[in-house]
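Inspection log for the structure reproduced underneath, given as C-alpha cells.
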Amino acid sequence: MHCKILGLPVQEGTGRKGCNMGPDSYRAAGIADAIRELGHECTDLGNLAPAAQRPLQHPNHAIKALPYAVAWIEAISEAAYRESAEGFPIFLGGDHLLAAGTVPGIARRAAEKGRKQFVLWLDAHTDFHTLETTTSGNLHGTPVAYYTGQKGFEGYFPKLAAPIDPHNVCMLGIRSVDPAEREAVKKTEVIVYDMRLIDEHGVAALLRRFLERVKAEDGLLHVSLDVDFLDPSIAPAVGTTVPGGATFREAHLIMEMLHDSGLVTSLDLVELNPFLDERGRTAAVMVDLMASLLGRSVMDRPTISY
C-alpha cells in the first residue's frame, strides 16, 4: 500500500498554541519508518499552507481567527480531494479544525466513485457546534456539524460538494459535550458511543456493529483520531484533556480491528501539541497506534518505553 503523509500545521481552531508543531513531531517520532517497516511505501508530501485569506466577520464575536480558519479549510479540502484519488492519505495535525477540510475533500472523491463515505470519530468531544452556538469561539469544535451539513455555516465555510449523512458518522469515546451540542446531536442520526456505553458493552462490540454496516453498504471509512480520545495518563500532549479516556489496550484493539476490517481508506491524527508533551511520549503513542491500524500485530510489535 502507498501511504502519503501530509502535514497540516493548523492551530487556529484551538485556544492554545503549539498544534502547528504536530506534523514535525510525528516525523521526529519516526512515522515514516514505522510505515515502511510494515512493508508499505511512504511518501512525505511536506506541510500544506493555507489558502489566501479574505475578510470575514460573524455576528458571534466569540469566534476566533475565522478568516484564517476558512483559508485552512479551503486548502485542506482540495488537498484531501487530490490525495484521496489513490493510495492511503494520512493527515498529520494540527488541531481538529483540519477535519472540516479532510472529510469534505475525501467525501467529494467518494461521491465521484459512487461510494458512501463513513467517518469514525475517535474523540472526547462531539465537535458539533455551529458558528452560532460556539461560546468558546474555538472552531476545532465545529467540524462534524459542518461536514454533516448542519445549518449555520452558509456564507462562511466553503459550500459542501458531498455532505456526510449523519448516520454514517460514528463517534466513539465521547465524554465531554456542551449542552448546545447535546441538543443538536440528538436531532440527528449520528451514532454516539460514549464512555458509559463502552464500559457497559465493551469497545469491540460497539465498533464491530459499525464496521459491519460500513461493509454491508460497501462504504469507504475515514478515521479521525484525536489525542484526547486517549486517557491523559498515556497521552498528555493535548490542550483539551478529559479524564477517563481510552486505555492503551482499548486503543490498540480498535486499531487492530480497523486493520482487520480492511475498510479504512484515510486517516487523521489530530490535536497533538508537542509543547505539552513529555519527551515525545504522546507522539510515540500515536505513531504506535497508527502502526497497528496499518497491520502491526501484538506478536511483532516492538516494545517501546514511553
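Just so you know, glycine gets a Cβ as well, placed from its N, Cα and C.
According to its DSSP assignment, D127 (Mn(2+) 1 binding site) is coil. Taking Cβ-Cβ distances under 8 Å and a sequence gap of 6 or more within the same chain, the neighbours of D127 (Mn(2+) 1 binding site) are H96, A99, W121, H140, G141, T142, P143, V144, A145, E181. Taken from Swiss-Prot, the feature Mn(2+) 1 binding site covers H96, D123, D127, D226, and the record attributes it to sequence analysis.
Here Swiss-Prot flags D123, H125, D226, D228 as Mn(2+) 2 binding site, drawing on sequence analysis. Neighbour count (other Cβ atoms within 10 Å of the Cβ, all protein chains): 28 for D123 (Mn(2+) 1 binding site).
Among the features that Swiss-Prot reports, substrate binding site is placed at H125, T126, D127, F128, H129, S136, G137, N138, D178, T240, E271. D178 (substrate binding site) carries neither a helix nor a strand DSSP state and counts as coil.
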Return the residue, from the listed binding-site residues D178, D226, D228, E271, with the maximum count of other C-beta atoms within 10 angstroms of its C-beta.
E271
H129 (substrate binding site) has how many other Cβ neighbours within 10 Å of its own Cβ?
27
Spatial separation of D226 (Mn(2+) 1 binding site) from H129 (substrate binding site) - C-alpha basis, Å
17
What are the non-local neighbours of H125 (Mn(2+) 2 binding site), defined as same-chain residues 6+ apart in sequence with CB under 8 A from its CB?
G141, I174, S176, V177, E181, D226, D228, T240, V242
Looking at the binding-site residues G137, D178, E271, which has the shortest Cα distance to D123 (Mn(2+) 1 binding site)?
E271
